[in-house]
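*Asks:* The structure follows.
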Amino acid sequence: MRGAVQVFIMLLLATVSDCAVITGACERDVQCGAGTCCAISLWLRGLRLCTPLGREGEECHPGSHKIPFFRKRQHHTCPCSPSLLCSRFPDGRYRCSQDLKNVNF
């Protein structure tokens, strides 16, 4: 009987609530903290989230390097951290790296 009551309460809560609380949602970079940017979510279409700046080896977009960017960012990745640059690798992908001379291919 107790299990049936718990299931009933769970079903009631699921049908009553039709929204979710998402923390870190943003529209522009200025709404995010230091070391982050407002990037498009990979999972939820139309949602932008405060995302950490790219670390070494992470994918980046070569045209997305300005922080803060005052319009809506059009990429799912943030620019690289200040000490890194967005470099094209032999596989055709762009990644954050320290220096092209020191990259091991």
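Here the Cβ of each residue, glycine as well, is placed from N, Cα and C on the backbone.
OK, Swiss-Prot features for this one:
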DISULFID  C26-C38  disulfide bond
DISULFID  C32-C50  disulfide bond
DISULFID  C37-C78  disulfide bond
DISULFID  C60-C86  disulfide bond
DISULFID  C80-C96  disulfide bond
SIGNAL    1-19  signal peptide
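Structural setting of the listed features?
*Replies:* Taking the Cβ of C26 (disulfide bond) as centre and 10 Å as the limit, one finds 19 other Cβ atoms among all the protein chains shown. The DSSP secondary structure for C26 (disulfide bond) is coil.
In three-state terms derived from DSSP, C32 (disulfide bond) belongs to neither a helical nor a strand segment and is classed as coil. With a 10 A radius on its CB, C32 (disulfide bond) counts 21 other CB atoms from all the protein chains.
Every protein chain shown contributes to the tally, and the Cβ of C78 (disulfide bond) ends up with 27 other Cβ atoms within 10 Å.
Less than 8 angstroms from the CB of C60 (disulfide bond) sit G54, T77, C78, P79, C80, C86, Y94, R95, C96, each of them six or more residues away in the same chain.
A strand conformation is recorded for C96 (disulfide bond) in the three-state DSSP classification.
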*Asks:* Report the same-chain neighbours of C38 (disulfide bond): residues 6+ apart in sequence with Cβ closer than 8 Å to its Cβ, ordered by sequence.
*Replies:* C26, E27, R28, D29, Q31, C32, R48, L49, C50, T51, F69, K72, R73
*Asks:* Through the lens of DSSP with three states only, how would you label C78 (disulfide bond)?
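*Replies:* Looking at the DSSP assignment, C78 (disulfide bond) belongs to neither helix nor strand, so coil.
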